[in-house]
Amino acid sequence: MGDWSFLGNILEEVNEHSTVIGRVWLTVLFIFRILILGTAAEFVWGDEQSDFVCNTQQPGCENVCYDEAFPISHIRLWVLQIIFVSTPSLMYVGHAVHHVRMEEKRKDREAEELCQQSRSNGGERVPIAPDQASIRKSSSSSKGTKKFRLEGTLLRTYVCHIIFKTLFEVGFIVGHYFLYGFRILPLYRCSRWPCPNVVDCFVSRPTEKTIFILFMLSVAFVSLFLNIMEMSHLGMKGIRSAFKRPVEQPLGEIAEKSLHSIAVSSIQKAKGYQLLEEEKIVSHYFPLTEVGMVETSPLSAKPFSQFEEKIGTGPLADMSRSYQETLPSYAQVGVQEVEREEPPIEEAVEPEVGEKKQEAEKVAPEGQETVAVPDRERVETPGVGKEDEKEELQAEKVTKQGLSAEKAPSLCPELTTDDNRPLSRLSKASSRARSDDLTI
């Protein structure tokens, strides 16, 4: 009996990870197979070969006839049957133990994560989810009341081990029938070589051995029936769960849709006040009035200001001229207003001055532009009488003719950009202003 202790300790683990029918099968295996085989069967088949007697004196004939009658001992055949039938259960136990260890590791990781979350929250107690509470309760329960659920790969392994047990049971029953039949006769006739003729051999305890054979075969049929019942039980359970799933899924979908609609309605309320940072992450739709109130960044004005400063540079002088011919700048409008207040000057003199200014601009280099003689100086001279004005104008004309050829190239480029305009229009504007003064 001590030889079966190792197998018995392993099969006890199967009891914790099996269904009710599986536990009944293990009970049948332990009590009606291992226990009886270890106690009574060995004594019944102990004198098997010594009590096998044949009516011949031919050497070797008795041994040959025994080998033909019993190719393998019944006890050894039943031992092999128990080992082969228990092997799928051992494989399942190995997978179940691995699964249990993985679950324990996962629970330990969840416990560590909960501890870290509680520490990060400043020692506040984190609410325990129902799943985590069930995990703690199941871990705190005793080993005897421990429940084990068959799901996923573990369920597949369990079904496979039942199938293999059934196949081994059927195989050994069929093999037993072809080897011995279902009973042992007291007389066995042998005609195998080296026997000279047909030899009669007699078997000891044939009735007792027949009873043991029938008992062991009945136990094999019971275990086979339990395997079939367990397969049908798991099949019915799977069918029931398959019928329950379509009813449960639409209910879950309806609950999710109702929660989604509630969340949308709460977002629509937040139209008249500024949302918090947490609510801005959830809300995705904003009114059109709020979109237009977005403040522009101060950086947007910088590139345009830099671009406006670069327009007045030397390489873009030609472009500035074309724009100044079409539209007057602020500087030109201010000069025109000042020229209206100037005293009248003869129109014939102004074109000559304009021609000289254009010649001075052509002589100037590309990076610098010449400027016409500022007309603001004319405004500063107060007009007292017409005669005094004429004398002053003639003196200014003489000075302009001398300075236009000498000082035009040395003028600063900043003034050229402001006063670079066609003189023909200035002369017309000045002549109109002077004519208005004369009429008054």
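Including glycine, each Cβ sits where the backbone N, Cα and C put it.
According to Swiss-Prot, the protein carries these features:
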INTRAMEM  2-12  intramembrane segment
TOPO_DOM  13-21  topological domain 'Cytoplasmic'
TRANSMEM  22-42  transmembrane segment
TOPO_DOM  43-71  topological domain 'Extracellular'
DISULFID  Cys54-Cys201  disulfide bond
DISULFID  Cys61-Cys195  disulfide bond
DISULFID  Cys65-Cys190  disulfide bond
TRANSMEM  72-92  transmembrane segment
TOPO_DOM  93-161  topological domain 'Cytoplasmic'
REGION    111-143  region 'Disordered'
TRANSMEM  162-182  transmembrane segment
TOPO_DOM  183-210  topological domain 'Extracellular'
TRANSMEM  211-231  transmembrane segment
TOPO_DOM  232-440  topological domain 'Cytoplasmic'
REGION    338-440  region 'Disordered'
COMPBIAS  353-364  compositional bias 'Basic and acidic residues'
COMPBIAS  374-399  compositional bias 'Basic and acidic residues'
COMPBIAS  423-432  compositional bias 'Low complexity'
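Counting same-chain residues at least six beyond the ends of the topological domain 'Extracellular' (43-71), those with a Cβ under 8 angstroms from any Cβ of the stretch are 179-180, 188, 190, 192-196, 199-205, 208-209, 212. The two recorded residues, Cys61 (disulfide bond) and Cys201 (disulfide bond), show a Cα separation of 10 Å.
According to DSSP, Cys65 (disulfide bond) is assigned to a helical segment. Recorded residues Cys201 (disulfide bond) and Cys190 (disulfide bond) have their alpha carbons 7 Å apart, per Cα-Cα distance.
Counting residues 6+ beyond its ends, the topological domain 'Extracellular' (183-210) has Cβ neighbours under 8 Å at 44-45, 47-48, 51-56, 58-62, 64-66, 68-69, 74 in the same chain.
Residue counts of the topological domain 'Extracellular' (43-71) by helix, strand and coil are 11 helix, 2 strand, 16 coil (DSSP-based). DSSP gives Cys201 (disulfide bond) a strand state. The Cβ of Cys54 (disulfide bond) lies under 8 Å from the Cβ of Cys61, Glu62, Cys65, Cys190, Val199, Asp200, Cys201, Phe202, each on the same chain and at least six residues away in sequence. Residues within less than 8 Å, Cβ to Cβ, of Cys195 (disulfide bond) and separated from it by at least 6 positions along the same chain comprise Thr56, Gln58, Cys61, Val64, Cys65. In the three-state DSSP classification, Cys190 (disulfide bond) falls within a strand.
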